[in-house]
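Copied from TrEMBL, the annotated features are:
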| type | residues | note |
| --- | --- | --- |
| DISULFID | CYS71-CYS77 | disulfide bond |
| DISULFID | CYS75-CYS84 | disulfide bond |
| DISULFID | CYS324-CYS357 | disulfide bond |
| DOMAIN | 70-102 | domain 'LRRNT' |
| SIGNAL | 1-20 | signal peptide |
Amino acid sequence: MIPFSVVVLLLCATPPPTPSVALPFEQEGFLDFGKRIDVEGLMMMMNDEEEGSAVEEYYKPEYYKPEQPTCPFGCQCNQKVVQCSDLGLHYVPYDVPPETRLLDLQSNQITEIREDDFKGLSNLYALVLVNNKISRVHLRAFMPLRRMQKLYFSHNQLTAVPKNLPSSLVELRIHDNHIKKVAAGDFSGLGSMNCIDGRNPIQNSGLELGAFDGLKRTFLRISEAKLTGIPKDLPEGLHELLLDQNQIQAIELEDLRQYEGLHRSGQVGLQEGPVLPKNLRELHLENNRIPNVPGGLLIYVMFFKQVVYLHSNNISQVDMNDFCPEGFGVKKTYYNGISLFDNPINYWEVEPATFRCVSNRMAVQFGNHKK
């Protein structure tokens, strides 16, 4: 996370801004929508957590016999990690060792998850089911997985969020499925979960009232869906909300103000000036059709140093008070970076004082506009 200190740039006798030659600001923290999960990275994360002093001792079923280790045919088993990816499997193997902590089943031909597929795997930490053809999940399939924290279900054929997910779940990745509806109670009892992502054909009408009940402090991404407005009834403790590449044209006054913990809002097209949460630190408005800097929006984002992404829009001019408004009772926002490249702006026409609230002149990125 970018450090937030307040440094005012003095622009007395400062020459006009020049296009920065630095690379565009790196957008960190976004989840990868690819079809592969980095199992080695997941193993490192798992091992780091196991080294903690508060890790609960693993449960050993009565039938567990360490002197007779098993490994499903064709899979690789090593140190509680079972890798069965890219084997053309049509079902979950039946003889997965009960001490398994990470089960990798990505890139197979699995079409359904049956009731007893994970029976006896109460120690499982992470389950990777990415890039299969799963369309059916038994209602009781995940009930034995009472210690599972990470479930990767992307690139399948699900039409609904699986039921009865473990209360221990911390991260759910479910993008690139066919989910059009999130029903009330789908995430009930998942108070520990802080990360949900999804690139599914969901419309606002597909999010039932109470769909996110039970969630607390959450990262939520609904990307490349069919949303036309900010979803209602989102988790009260929402921390990061990314709605990039939807069909949102404007944000109503009350859409985001209720989410006091929000630090990042993502890539929505704005034509009016809404009030955003006071804790917002990154504003993503890139890759839309915004014709000008939404000045009314920026007035209210005023407590932390900001990075504002406005590149790849239709902004043709920047007025002197767009980023640092003046007036009685208006508190200034100070920026770590402003990204304006790939807009039809004649940067030499921009007044130097326009960026008086930016921490460093090189933090303003104009770049070249591709006609």
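The backbone N, Cα and C atoms fix where each Cβ goes, and this holds for glycine too.
Note that the coordinates shown come from a computational prediction; the quantities given were computed from them, not determined experimentally.
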Top of the disulfide-bonded residues CYS71, CYS77, CYS84, CYS324, CYS357 by count of other CB atoms within 10 A is CYS84
Model confidence for the domain 'LRRNT' (70-102), as mean pLDDT, reads 95
Cβ-Cβ distance under 8 Å, sequence separation of 6 or more, same chain as CYS75 (disulfide bond); the residues meeting this, in order, are VAL82, GLN83, CYS84, LEU87, PRO93
Quick note, CYS324 (disulfide bond) and CYS71 (disulfide bond): C-alpha atoms separated, nearest Å, by 63
Rounded to a whole number of Å, the separation of the Cα atoms of CYS357 (disulfide bond) and CYS71 (disulfide bond) comes to 61
The correct DSSP tally for the domain 'LRRNT' (70-102) reads 0 helix, 7 strand, 26 coil
